[in-house]
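S.K.: Take a look at the following structure, please.
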Amino acid sequence: MELRPWLFWVVAAAGALVLLVADARGEKVFTNTWAVHIPGGPAVADRVARKHGFLNLGQIFGDYYHFWHRAVTKRSLSPHRLGHNRLQREPQVKWLEQQVAKRRAKRDIYQEPTDPKFPQQWYLSGVTQRDLNVKEAWAQGYTGRGIVVSILDDGIEKNHPDLAGNYDPGASFDVNDQDPDPQPRYTQMNDNRHGTRCAGEVAAVANNGVCGVGVAYNARIGGVRMLDGEVTDAVEARSLGLNPNHIHIYSASWGPEDDGKTVDGPAHLAEEAFFRGVSQGRGGLGSIFVWASGNGGREHDSCNCDGYTNSIYTLSISSATQFGNVPWYSEACSSTLATTYSSGNQNEKQIVTTDLRQKCTESHTGTSAFAPLAAGIIALTLEANKNLTWRDMQHLVVRTSKPAHLNANDWATNGVGRKVSHSYGYGLLDAGAMVALAQNWTTVAPQRKCTIDILTEPKDIGKRLEVRKTVTACLGEPSHITRLEHAQARLTLSYNRRGDLAIHLVSPMGTRSTLLAARPHDYSADGFNDWAFMTTHSWDEDPSGEWVLEIENTSEANNYGTLTKFTLVLYGTAPEGLPTPPESIGCKTLTSSQACVVCEEGFSLHQKNCVQHCPPGFAPQVLDTHYSTENDVEIIRASVCTPCHASCATCQGPAPTDCLSCPSHASLDPVEQTCSRQSQSSRESHQQQPPPPPRPPPAEVATEPRLRADLLPSHLPEVVAGLSCAFIVLVFVTVFLVLQLRSGFSFRGVKVYTMDRGLISYKGLPPEAWQEECPSDSEEDEGRGERTAFIKDQSAL
């Protein structure tokens with residue numbers, strides 16, 4: 001018994017020695033397995049294997065099987081002839097081959113970066129799992145290759161040794177100085193280091209012996225210099241819209257003043273740039289805008305008063321300290337989607353990245369630090385699946401973010417069982433989980449938007465105002481939503497001290513979002529003017545049901561104000577196949593499968609749904625329909641949208657004599673109400689000759705009166721207007737000619753060119769005027785020639 005362990009090690013050592021020798025000589029290493037072709041099925045293969053002392057390891061594919069022989073050496077430099085020849089003589093065996101061990105190397109196998117500062121990048125992968133799980137994404141082979149990221153900031157030091165290898169000029173521009181070079185402006189205080197530091201977090205080169213590594217260290221990185229100068233709406237829009245089909249991700253760590261009293265957001269051009277980015281960027285998949293949530297924590301600011309982070313088009317990121325606490329500068333709001341790491345207290349580590357003047361720093365901090373980390377993780381995710389849309393990415397973030405290790409007192413479970421916080425969103429980004437889920441991700445259904453006006457009259461806010469409204473989330477319309485993504489409460493209100501207000505929104509599934517917390521420094525009496533407070537906390541909930549808006553005065557003062565407008569805007573999806581035709585209401589009788597067979601009065605049945613107006617090409621008609629009940633078949637008279645005759649474009653019935661309008665290739669007979677095809681010659685003759693007068697209907701045929709197209713009252717105003725204009729013109733011309741005849745010989749005439757007959761006479765100018773302007777005949781002729789040439793040009797145009 002004691003010899004068995006020794007025997008195992010001897011065999012293992014012998015096998016290893018065989019491999020080493022074979023590798024050195026370049027020889028084949030034969031294994032104790034065979035691939036065998038045996039028609040007839042697995043039972044025949046099993047029988048042949050047992051007959052010759054083999055074990056059938058299973059089917060490779062088709063009639064090919066994998067045989068193993070325990071008595072044959074596992075590794076050998078020569079083939080096993082005896083067993084091979086026995087199998088070869090078997091009639092059922094059509095082909096066989098002893099298997100050879102092949103050397104195969106994994107490509108892009110993960111190796112830990114060798115950069116000197118990498119061990120200090122605790123947030124990429126740590127032993128306590130308080131990290132972003134970036135090394136797991138690297139181990140899966142994703143490093144950001146093929147993805148382009150642009151940092152919208154104060155420039156990027158493109159010649160930095162840890163950035164130059166990944167620098168992309170196509171993702172860079174200097175909007176401040178209007179040139180392609182984004183190099184920052186150097187000052188004694190290094191004020192413009194922001195963009196260079198952010199760039200290093202995303203794509204610092206790996207294994208080059210400089211500084212640390214970027215999250216997506218094989219991604220391409222660029223920068224837009226747009227903050228080192230006067231920032232206008234045009235500057236922002238141009239930066240946000242730079243090369244949208246080349247740049248995949250835009251990272252921004254800036255916004256309005258974080259002073260606890262500002263309410264500001266993108267203006268017209270920047271808002272349009274956001275919309276164009278998500279609708280047209282990346283070939284229609286949508287640009288991804290990553291935004292830092294804000295630095296106004298000390299001022300009790302709310303990032304819902306920042307229109308950039310509060311936008312549905314941005315992926316808003318917050319931060320946590322090394323030990324999972326809320327940083328002192330962090331802002332809380334319901335628009336935050338997820339969190340990455342940044343700095344905190346003095347005894348906690350900060351972020352390692354590139355710095356100005358080709359240096360490295362270990363003390364990067366603030367919102368500048370955490371948004372670029374998210375941009376890098378998103379670059380890894382896009383490499384795993386380049387077909388992800390901008391909304392797919394937000395779905396992945398919601399589904400994979402981890403609330404563990406993050407400390408806050410406002411963690412809550414929403415209506416679909418996810419934990420969410422105003423400080424952290426759905427938790428820490430998990431790079432490994434995101435790339436794993438992205439690889440087989442199915443694109444979400446197209447976005448739907450449901451807009452509901454809640455208020456019917458202004459309401460006094462007082463100490464506390466509560467507005468309740470039960471909604472169907474646009475049921476029966478194309479915008480019907482069953483799975484929510486973003487929800488907006490667009491509010492217009494006046495209040496004498498805006499900072500005392502706290503606003504909450506409660507979803508039908510009970511999720512309570514803080515749209516606005518009290519801001520002690522906000523003394524403004526401006527209120528809010530159609531401001532869209534956004535929440536992501538009800539993601540994937542069913543928005544149908546009662547929504548509750550709560551507005552509260554948090555101070556003891558007798559403040560006053562009025563809520564004048566409240567519009568609930570829901571963004572989301574509905575399951576594929578859910579019927580959402582226009583005006584799908586008014587059904588009177590439903591089948592067991594919820595298909596409509598009879599509509600209420602004023603509605604017509606169209607494709608198993610009730611509509612108030614039949615679509616073009618259809619007309620309502622009362623027909624007998626057969627309705628199958630459990631034990632019988634009933635005949636029901638119902639209004640149904642029936643198709644027009646093939647010759648009609650629109651109609652009032654299914655017959656060829658029910659046409660109201662015709663296709664472009666046909667003309668309408670106003671008497672017969674039929675459409676007839678026209679040849680090219682007949683169309684030309686109709687254009688040259690006036691149409692014949694309408695033929696009166698035969699007197700002897702008694703038919704039901706029908707509204708004729710040539711008697712429609714809608715043409716009467718046009719006829720009256722035309723006759724009136726003709727009469728006025730006739731009177732004017734008559735009076736003008738009479739006056740000209742009476743005074744025609746007492747004034748001089750000037751001939752100028754016109755388009756029609758070439759000459760027209762302007763009369764009525766006194767001779768003194770000509771003498772004053774034309775001191776000589778030559779000057780008069782010259783002036784007349786110039787005017788004539790001018791009028792010729794104008795007439796030609």
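Positions of Cβ are set from backbone N, Cα and C atoms, glycine also.
Straight out of Swiss-Prot:
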{"type": "BINDING", "residues": "ASP154, 191-192, GLU236, 253-258, ASP264, 292-295, ASP306, TYR308, SER368", "note": "substrate binding site"}
{"type": "COMPBIAS", "residues": "770-783", "note": "compositional bias 'Acidic residues'"}
{"type": "DOMAIN", "residues": "444-576", "note": "domain 'P/Homo B'"}
{"type": "MOD_RES", "residues": "SER776", "note": "phosphoserine"}
{"type": "MOD_RES", "residues": "SER778", "note": "phosphoserine"}
{"type": "SIGNAL", "residues": "1-26", "note": "signal peptide"}
{"type": "TOPO_DOM", "residues": "108-718", "note": "topological domain 'Lumenal'"}
{"type": "TOPO_DOM", "residues": "740-797", "note": "topological domain 'Cytoplasmic'"}
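Situate these features within the shown structure.
M.R.: SER293 (substrate binding site) carries neither a helix nor a strand DSSP state and counts as coil.
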S.K.: Restricting to the domain 'P/Homo B' (444-576), report the mean pLDDT as a whole number.
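M.R.: Per the prediction, mean pLDDT sits at 96 for the domain 'P/Homo B' (444-576).
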S.K.: How many other Cβ atoms sit within 10 Å of the Cβ of ASP306 (substrate binding site)?
M.R.: 28
